[in-house]
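Peer 1: Quick one: structure below, then a few questions.
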């Protein structure tokens, strides 16, 4: 239910009004982000969201929200999950359709984590066509696997604080120890070379047909994701301008 405006603090209300005024002149955009783990999507996504006044739609988050809100689609999704089944493509597309109706999605969206297959891409296109819209751009965060391995397998975490380090790019003062507490650092299970290799193999097999599908439509922008974040941001802005 919408909040009573009288109960919203003035500063929050003013900030939101200014945001909407700034966004009113922005062109609508519907963008898909594609890229392997560690490619930098997470760094660029909030910048794209703020710059172009888009909402960020991550399929995992949307599914959890729909289940928690007990929407009709969320109830169906929970039934599938409780049985240990995958949530059907039609259900996921329906949940995306629901999410797109939010006020924050008026100027368009960034879709992250979907589509993962050509069939999903086709179903998404069909749903958007019914609304008279389409995907405007697919940002492909292209990066060599060897660079990803260096990025990811060098990551170390201080468990209790969440502080992160990298053996090459942001090393601790003393190898293997947290700068503040001197406690040992750990590596996430997913950040090992063996786990990364299998994740990347699965990603390439699954994603290449999707990129080919959108390339035929002429809407893929291949980004040099190995570059420093600020340079990637410049490429993103050029691709979306």
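Quick reminder: no glycine exception, Cβ is built from N, Cα and C everywhere.
Okay, so Swiss-Prot annotates it like this:
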BINDING   38, 39, 40, 41, 42, 43, 155  ATP binding site
BINDING   59, 64, 85, 86, 87, 113, 114, 115, 116, 120, 188, 199  AMP binding site
REGION    58-87  region 'NMP'
REGION    154-191  region 'LID'
Peer 1: Within its own chain, what residues at least 6 apart in sequence put their Cβ under 8 Å from the Cβ of residue 87 (AMP binding site), listed in sequence order?
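Peer 2: Long-range Cβ contacts: 63, 77, 80, 81.
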Peer 1: In the structure shown, with every protein chain counted, which of the binding-site residues 41, 116, 155, 188 has the densest set of Cβ atoms within 10 angstroms of its Cβ?
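Peer 2: That would be 41, with the highest Cβ count within 10 Å.
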Peer 1: Let me spell it out: take the region 'NMP' (58-87), skip the flanking residues so only those 6+ beyond its ends count, and list any with a Cβ under 8 Å from a Cβ in it.
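Peer 2: Sequence-distant neighbours of the region 'NMP' (58-87): 94-96, 98-99, 111-114.
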Peer 1: Give the three-state DSSP assignment (helix, strand or coil) for residue 43 (ATP binding site).
Peer 2: helix
Peer 1: List nothing but the one residue from 38, 42 whose Cβ has the fewest other Cβ atoms within 10 Å; the candidates are the binding-site residues.
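Peer 2: Counting other Cβ atoms within 10 Å of each of the binding-site residues 38, 42 gives the minimum at 42.
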Peer 1: Out of the binding-site residues listed (114, 116, 188), which are within 10 Å of residue 155 (ATP binding site), Cα to Cα?
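Peer 2: Candidates kept after distance check: 188.
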Peer 1: What are the helix, strand and coil residue counts for the region 'LID' (154-191) according to DSSP?
Peer 2: 3 helix, 10 strand, 25 coil
Peer 1: When DSSP is mapped onto helix/strand/coil, what comes out for residue 87 (AMP binding site)?
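Peer 2: Residue 87 (AMP binding site) sits in coil per DSSP, no helix or strand.
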Peer 1: Based on Cα distances to residue 59 (AMP binding site), point out the closest of the binding-site residues 38, 39, 40, 42.
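Peer 2: Among 38, 39, 40, 42, 42.
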